[in-house]
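Record features, source TrEMBL:
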- 34-183: domain 'SET' (DOMAIN)
- 337-356: transmembrane segment (TRANSMEM)
- 377-395: transmembrane segment (TRANSMEM)
- 407-425: transmembrane segment (TRANSMEM)
- 437-456: transmembrane segment (TRANSMEM)
- 476-496: transmembrane segment (TRANSMEM)
Amino acid sequence: MSLWTTPEHSEELLKLPAFTNPDLLRGVNEEPNPPYESRQLPGRGVGLIANRTLQKGDHIFSMTPVVMIEEGIFEIFARNDRLPYLRRAVRKLPERSGKKFMDLCGHFGGDPVEDIINTNSFAVDMWEDDEETAYNVVFPEISRLNHDCRPNAHYYFDTETLTQHVHALRTILPGEELTISYIDPAQIRSERQHYLHLSWGFQCSCSLCTQPESHTHASDARIEQIVSLREQLEDYSPESEATTSMAELLVGLYEQERLHGPISEAYALAAIEFNGAGEPWTAQKYARLAVESGLLYGGPADADVREMERLLKDPWTHWRPHSRKFSDITTSCFNDVILVPFSVWLYILLLPILFATQPRVTTFLYTGKVKRPYHNLKIALYALALFAALAMTVIEITRLELADLGIGLLPAEWAGFIIAGALRFSHGIEGRFPRYWIANVVFWVLLIATNAVRLVEMIKEGFGARRGTAYPMSDQVTDVGVYIGVYFVMGILELWR
């Protein structure tokens, strides 16, 4: 391999395992029984054709570069000054490697060596903390892989061993050409064509680019929605409107577009979204898929792969974007925006109906002198139960807020509690509304029913959901169960007159 870089960077490169631990390169650059063969293809030059069936994840080959040039060199040296060094770099290669390099095709003309480098090199970042220092690397074998906007293979570069690994992204049948994408495939057709012509000098004729216009418009629309959804899902600000439904749609669009490589990014976004929404089991499902695809797309050292492995290790304590409420409600929009306040709305609606339809009397029924057995005890028990209901609702809302979860319209229950208590303690406003107890009983029964629905939904989510947060699902299930018991007592006390 010929390396052209600065003295400082050369010292760093020579410390890499690629140079200090040769055992790591065992099997690299070797092809004893390759799953492909080289063929001359009409209009495409030399290509690699599968000679046996390859499954998703199957290894195709691993190669180290023959030429590696720091990008900054092209800025430091004028063209005429750098050409002698480029030619010398190729001459210094072993004969077999030099021949492989010179057999590559160039598209731009001019000096053959520089043309081959400009046409066939891959840009790689060597250090995560120094994204400005990139290298142009040439792999003769990988350069035989032609472009397709929906490829069946993908590569990743291992910066520790300076090795480019190529794997199958899907099932590849014998006789099928092995292809990779030279560009980001998640672009509309006009953008893909523009960048391919600008960088490699050809117009793509893959099946995606040559499909009927109506199909192209549909594909471009999906790509545009993918871009929009990604922006929203990557926005963790409090103003973000991203949801788990958006994450599921994003995954579906990647599948429709046959983006078998970058779908790992969609899986990772979905995993984070579901984990933040308190659904760790669904988050693990997408994290598993993200790791599987990410190992092929970015390799074991890829940031998304490492992040998903951390999530899988313990989703309950994994980082969550707490700056955003993943849901404006506790469990679902129906439960906490419609179902929970439904009891209050119906109660408030029922009160004037009962008042208007009660029998007309000339004197108020309440005289203040009526004594019933255990009257004071019943009032005390009612007051205690009502206070417990109010206090527990305040605690639930507080814990939901601390856990960065939404509260829906849970505070609406307070209005019902206050009205029910006022009517009970005033004996129907001093006897003017003797049938109030019917509305109160209906109110407590409705609260029992709606909270029973909430309880069932929470149990379906799993007791382990939101573990490690300020309000684990197991705690909320217990709280809602106690609510149901308190509301049952309230209903009995309304009937015990």
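Glycine is no exception: its Cβ is also placed from the backbone N, Cα and C atoms.
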- line: Model confidence over the domain 'SET' (34-183), as mean pLDDT, sits at 89
Closest-packing stretch to the transmembrane segment (337-356), where packing means Cβ pairs under 8 Å, from 377-395, 437-456, 476-496: 437-456
Message: Under 8 angstroms, Cβ to Cβ: which one of 377-395, 407-425, 437-456 has the largest number of such pairs with the transmembrane segment (476-496)?
response: 437-456
- request: Mind tallying the domain 'SET' (34-183) by DSSP state, helix then strand then coil?
  value: 37 helix, 55 strand, 58 coil
